[in-house]
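Enquirer: Pulled these features from Swiss-Prot for this protein:
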- T2: N-acetylthreonine (MOD_RES)
- H118: chlorophyll a ChlzD1 binding site (BINDING)
- Y126: pheophytin a binding site (BINDING)
- Y161: site 'Tyrosine radical intermediate' (SITE)
- D170, E189, H332, E333, D342, A344: [CaMn4O5] cluster binding site (BINDING)
- H190: site 'Stabilizes free radical intermediate' (SITE)
- H215, S264, F265: quinone binding site (BINDING)
Amino acid sequence: MTAILERRESTSLWGRFCNWITSTENRLYIGWFGVLMIPTLLTATSVFIIAFIAAPPVDIDGIREPVSGSLLYGNNIISGAIIPTSAAIGLHFYPIWEAASVDEWLYNGGPYELIVLHFLLGVACYMGREWELSFRLGMRPWIAVAYSAPVAAATAVFLIYPIGQGSFSDGMPLGISGTFNFMIVFQAEHNILMHPFHMLGVAGVFGGSLFSAMHGSLVTSSLIRETTENESANEGYKFGQEEETYNIVAAHGYFGRLIFQYASFNNSRSLHFFLAAWPVVGIWFTALGISTMAFNLNGFNFNQSVVDSQGRVINTWADIINRANLGMEVMHERNAHNFPLDLAAVEVPAING
């Protein structure tokens, strides 16, 4: 005789709330991470939209020279940005109630800190929610692991780098041109193009794009025909079908002959693991590189490393990059730095006379 024991359903309001939060039958899964994710991302998104449209100029360098970033103050979609919190605030926690007035809070770039901190909490909770839903559905946890790469990258540029540099004013502005400015200044100050971790990140992103295109084109080119010439090949697939939709043997044979045999995967599972792991590991390394350069452990310096027998410098591309770095450094924050650090550190030659 088989006895079926049913769990007694809680009748309390809290019990029903818990069941609803953790139910996988909802159209959108909420989960306990979602309880924190939803308000933080809504807050970050709302403040970003309002500030991008209407925030007044921000004194980013702390020298009473405000920089305009919003649409209503003369910017467009490309030039507009949420200006980072002022250097006068540094790394201080700067909520609205810490300012003497809302005007002061806006002038010192308070919205940037508010948006960034809520955003980072939100995306971290989104990652946790991915794990939570996978766990409840009996799936493996690799979706959340893959998402940890962009979370690590965002944390590096919005939090770790400002901490290492001593001010949120060094964080990445929230806009298109602001992002480019951040990249240029980062190169000038840290020589990121000569950092091996950044090189691994470039290989991860470009390699991931290449492998994705190769995989998609191979699969699309080796579909098992289920339709006539007058129908789209896509109509030959039915959602949930058990049989394969493409011929992996044909794809393997094609690619093995195109390059060489062992360049082609004969295991679909290891292939898809590779497609996921390659860009994820690359972006992990980039985030780690940003986090180390935050504390001024910079890219390689090969300046003036090649000389002739007379001691004269033979320029290499490293010297060309160094010259570009100096030019970018003297141009950024031009009113905040009377003497850029790299130039001010050069010893003045003695004059005999």
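A Cβ is built for glycine as well, from the same backbone N, Cα and C atoms used for every other residue.
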Enquirer: Within its own chain, what residues at least 6 apart in sequence put their Cβ under 8 Å from the Cβ of E189 ([CaMn4O5] cluster binding site), listed in sequence order?
Expert: N298, N325, E329
Enquirer: Write out, in the order they occur in the sequence, the residues of the chain not among H215, S264, F265 that have a C-beta within 8 Å of the mean position of the C-beta atoms of the recorded quinone site.
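Expert: Filtered neighbour residues, in order: M214, L218, A251, H252, F255, L271.
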Enquirer: Would you mind ranking the recorded positions H118, H190, H215, H332 by how many other Cβ atoms sit within 10 Å of each Cβ and giving me the lowest?
Expert: H332
Enquirer: Given the binding-site residues Y126, D170, H215, F265, H332, which one's Cα is the least distant from that of Y161 (site 'Tyrosine radical intermediate')?
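Expert: It is D170, whose Cα lies nearest.
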Enquirer: If we check Cα distances from S264 (quinone binding site), which of the recorded positions D170, H190, H332 wins as closest?
Expert: H190
Enquirer: List nothing but the largest Cα to Cα distance in Å, as a whole number, among the residues H215, S264, F265 that the record says bind quinone.
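Expert: Greatest Cα separation within the listed binding residues comes to 11 Å.
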Enquirer: By a simple count of other Cβ atoms within 10 Å, which of D170, E333, the binding-site residues in the record, is least packed?
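Expert: Per-residue Cβ counts within 10 Å for the binding-site residues D170, E333 bottom out at E333.
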Enquirer: Counting Cβ atoms within 10 Å of each candidate's own Cβ, which of the recorded positions Y126, Y161, F265 comes out highest?
Expert: Y161
Enquirer: DSSP three-state call for Y161 (site 'Tyrosine radical intermediate'): helix, strand or coil?
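Expert: SS state of Y161 (site 'Tyrosine radical intermediate') = helix.
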Enquirer: If you compare CA-to-CA distances from F265 (quinone binding site) to each of the recorded positions Y126, D170, H190, E333, which comes out shortest?
Expert: Y126
Enquirer: Calculate the distance in Å between the alpha carbons (Cα) of the residue listed as 'chlorophyll a ChlzD1 binding site' and H215 (quinone binding site), and round it to a whole number.
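Expert: Pair distance, Cα basis, whole Å: 37 Å.
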Enquirer: Of the recorded positions listed here (H190, H215, H332, E333), which is spatially closest to Y126 (pheophytin a binding site) when Cα positions are compared?
Expert: H215
Enquirer: In DSSP terms, helix, strand or coil for H118 (chlorophyll a ChlzD1 binding site)?
Expert: helix
Enquirer: Cα of H190 (site 'Stabilizes free radical intermediate') to Cα of H215 (quinone binding site): how many Å, rounded?
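Expert: Here the two Cα atoms are 36 Å apart.
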